[in-house]
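**Q** One structure, pasted below without further comment.
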Amino acid sequence: MDLPGPIHEILVLFLGFVLLLGGLGVVLLTNPIYSAFSLGLVLVCISLFYFLLNSYFVAVAQLLIYVGAINVLIIFAVMFVNGSEWSKDKNSWTIGDGFTSLVCITIVFSLMTTIPDTSWYGILWTTRSNQIVEQGLINNVQQIGIHLATDFYLPFELISIILLVSLIGAITMARQ
């Protein structure tokens, strides 16, 4: 969407705030149904970010795939689980939980301080991709591949790590 600057900034700040609240809801709510609905809110906010960035296809794909399929599947699976199992486990924090929280907070703060100080445009891969694209000897599919392997390398790797962690979590939950 081509919005005026102040309106665009207000929408980005509002969506970011709702995204943070939804993320906290996913983590902090003890009822898994409420947590799944918070995840749906987070995924809808991400889709709205894509709309603001004029990437309509990715926004609709985000809504259809993640909100429409995966989140509904999560809610469906949670409803099959016996509700009394969730309320029985009222353990307080253990040493392992505290250690894991400390490690996660340390990683988040180190990334928050490292990423803004890195000059991503000075990386050799991005200059190579511009030279290859300027030659015009490749088609659109190859250009997408080059951009995924060069310009969008960091987001692509972060998404793969998130998918790996979710796969490990799903396997762990299935074994129990």
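Quick reminder: no glycine exception, Cβ is built from N, Cα and C everywhere.
Quick paste of what Swiss-Prot says about this protein:
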TRANSMEM  10-30  transmembrane segment
TRANSMEM  33-53  transmembrane segment
TRANSMEM  60-80  transmembrane segment
TRANSMEM  95-115  transmembrane segment
TRANSMEM  152-172  transmembrane segment
**Q** Against which stretches of its own chain does the transmembrane segment (60-80) lie, if we need a Cβ under 8 Å and a gap of at least six residues from its ends?
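**A** Counting only partners 6 or more residues beyond its ends, the transmembrane segment (60-80) has Cβ contacts under 8 Å with 32-33, 36-37, 39-40, 43-44, 46-47, 50.
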**Q** Which sequence positions outside the transmembrane segment (95-115), separated from its termini by at least 6 residues, show Cβ-Cβ distances below 8 Å to it?
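**A** Distal contacts: none.
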